[in-house]
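A.B. asks: Quick one: structure below, then a few questions.
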Amino acid sequence: MIIKVFLRLLLLCAHIVCIDGKLEIRPVVSGVRIESDVDASGFLGYGDAGELLVEANTEVDLVIFGHGLENVEMVTFTDSVCVTSEFNVSESTFYIHKDMKIVFKYAFVAWPQPWRICLKSECHGLIQIDDDRTWIQAVQSTHETFMPVWAQCAILCLLFSISALCSGLTLGLMALTPQELSILMKSGSQREKKHAAAIYPIRCHGNRLLCTVIIMNVIVNTGITLLFDDLAEGLIAFVASTVGIVVFGEILPQSICVKYGLAVGANTIFITKFFMFLLFPITWPLGKILDKYAGVDIDVVNRSRMVEMLKMNMENDACDIDLSTLKIAIGAMELTKKSVRDVMTDIDDVFMLSEDQVLNAETMTKISDSGYTRIPVFEGNNRNKVKNLLYVSDLALIGKDNNITVKAVARFNKRRLRIVDESMPLTALMDEFKLGDYHLAMVAKATEVKKHHHGKFADGTVDSFILKSMKLVEATMMPQVENPEDHPVTLVGLITLEDITEELLQAEITDETDCYVTDDAQKKRRTNTSKKSAAELFCSEKKSERLSLHMLEMTEKWLLEKTPLFGNMNPKAFENLIQRNIREVLIVPPKNSTSPGTLNLFEAGVMSKRFLLILEGKATIRFNEKDLIFECGPWTCFGEAILEKMEMCISDRKEPSTGFFFLPDYNLTVSGPCRFLQISTSSLLHSLRITQFVKEIRTPKISITSDDDFGSPTRKASILDSSPNSRKRSSTSVMNSLALPTARLAAKIASVEELKPLME
């Protein structure tokens, strides 16, 4: 026992060295450890021999335990002996330096051999710690994954595909309602019908399908995140998984499926069915719960949405539907929302007649200028007391000189008068008009019609007017009474079947009789400029009476002096040519009219085929280019170019044509009574051919009448002498060389008497 104590004292004395009279204890290391958690970065664990395993090039907190450590000036690391130390850690880097503990930070370099600790003090120099439990092995960290990297990459590609499919189906399939699929199955192309038929059965289970694709999408995205976390750590795994899911799992598939969702959904329908089968225990109860509380997926397209869809198609250039067809469809859809008030013509714009007016030329002119065929008739001067209707057809047998009043004609025909409420729907009124009894109705204020018709129009909704057509007519018909004061109403407008048709077609209808059109859509009044004015209505050109003998003789003399074309014309044909082509212009100006009516005989730039000779009255010549106006009186002719062309053609022994014309550079108008001779190219050519034929049959001719008994023909000469009353013509007349074809005349005519019908 005494020996053991002595040996320990010797050992202790061996560790105590005196330097300059100072005792120093030799540093002793009892252990080394990493002062951080086991899972901390850099510490990997312990080796088979008990050495510390740290990650190479990773800074760790190294703790050295023992006693006598306060005199340590430096800590070095070596792989063999202290003389060949590779790294040194000075005392200045110790952030804990005590007698029993030294702590500092250090990053070890990867090395095949473990690093050994060497301590250096002032008295003892380098002291190597050979305990293998104090060794530190720096190794390169190797991350172990769940499975090989190539397998994880393949699984990631598969998961990204499934994620993209689920995201696309969520938008593509759920955007197509069962109603839209049903429409495609009936009216789509062959490919659309096939795809819609494949999707329709599972799309009917909308909530269950929605739960399936959403749950699968969440599961797959979670798997993608886990695999990325296994392949990489920290920020890299987060960024990679986020970018991959957003770009490849959401944006790209949804941008494709929003346009081709039908085709994608149909071609991947077997995958969708597999997912629905796989998740059936989860999605079936969820779908039932959603069906009960969220409702079944039923899309009902109301009228307003359908109208807006049609309007959007009108603005789309790729729409293959005709624009007019879309307008009609929109008009039909919006017709039920409109009432009579929205379509009617305002009462101030309605053309009416007083029953006291006389049907003279002035009134007839107003009626014709209006362009209307049904005209309301009011009592006295009160336009609010409309008592009857006047149809233009009622005036067919009434002359403008009979001075019959409007009241007499209206009461005789007793046309049906209809007064409707301004809030009456157009559909109800159109049902009445379709009966055919009337196509025009007066519109009264709503409160007054309701008052007299027992509240049949209590509200303006369509439902209140869904009645039988005849019942509706009886409920709203204004009774024909002698005293209309018993049912006073305030008229606000007029409506016709044409107004309703225009709303249906979404276009204004203008026929050939429209002069003033009230455009209800644009609220403008348009004027039909192609219609004649009232002053021109009774300006007419017609055939006149025959000329007197004196006037006829003067006309013949003037024509014979004007051109030799008439010189050798048959007298009877010449006389008929004149008498049968006398025309006159009659002008009946409206009463109180400041501008007289005019009639154009020639228009500048418009070809004409007639020759005119004014016999009575005056005409006005206007040269538009030079802005010159002249008045001409009797014995002024126009269209001489036609006679000159005819004369030149005959003198050249050519067959004249009825196609001769001349192009005036002036306007010839008549503003008062005028009588003139009109010779057209056809009538002139006819008279010349008659004259030629008469001349031919009056020349001696030999004709074979019969054979005698000896077989030789008997010749008979017949000479037609000229009439003693025939006029002597100039021998220089062009008719001496007249050679007109007479093929159109009857071949059997042999005498002048038989020519009388043609000459007439």
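Here the Cβ of each residue, glycine as well, is placed from N, Cα and C on the backbone.
Got these off Swiss-Prot a minute ago, pasting:
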DOMAIN    145-323  domain 'CNNM transmembrane'
DOMAIN    344-406  domain 'CBS 1'
DOMAIN    442-512  domain 'CBS 2'
CARBOHYD  N88  N-linked glycosylation site
CARBOHYD  N302  N-linked glycosylation site
CARBOHYD  N403  N-linked glycosylation site
CARBOHYD  N528  N-linked glycosylation site
CARBOHYD  N592  N-linked glycosylation site
CARBOHYD  N667  N-linked glycosylation site
REGION    708-734  region 'Disordered'
SIGNAL    1-21  signal peptide
TRANSMEM  154-174  transmembrane segment
TRANSMEM  209-229  transmembrane segment
TRANSMEM  231-251  transmembrane segment
TRANSMEM  262-282  transmembrane segment
A.B. asks: For the domain 'CBS 1' (344-406), what's the model's average pLDDT?
C.D. replies: 86
A.B. asks: Over all shown protein chains, what is the count of other CB atoms within 10 A of the CB belonging to N88 (N-linked glycosylation site)?
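C.D. replies: So the number of other Cβ atoms within 10 Å of N88 (N-linked glycosylation site) is 13.
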A.B. asks: Counting only residues 6+ away from its ends, which parts of the chain sit with a Cβ under 8 Å from the transmembrane segment (231-251)?
C.D. replies: 143, 145, 149, 152, 156, 160, 163-164, 167, 217, 220-221, 224-225
A.B. asks: Per residue, counting other C-beta atoms within 10 angstroms of the C-beta, which of the glycosylation sites N403, N667 reaches the highest number?
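C.D. replies: Counting every other Cβ within 10 Å of each candidate, the maximum falls on N667.
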A.B. asks: Residue counts in helix (H, G, I), strand (E, B) and coil for the domain 'CBS 1' (344-406), per DSSP?
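C.D. replies: Helix (H, G, I), strand (E, B), coil: 18 helix, 17 strand, 28 coil.
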A.B. asks: What does the structure give for the C-alpha distance between N403 (N-linked glycosylation site) and N88 (N-linked glycosylation site)? Integer Å is fine.
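C.D. replies: N88 (N-linked glycosylation site) has its Cα 138 Å from the Cα of N403 (N-linked glycosylation site).
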A.B. asks: Report, in whole Å, the straight Cα-to-Cα distance of N88 (N-linked glycosylation site) from N667 (N-linked glycosylation site).
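C.D. replies: A Cα-Cα distance of 125 Å.
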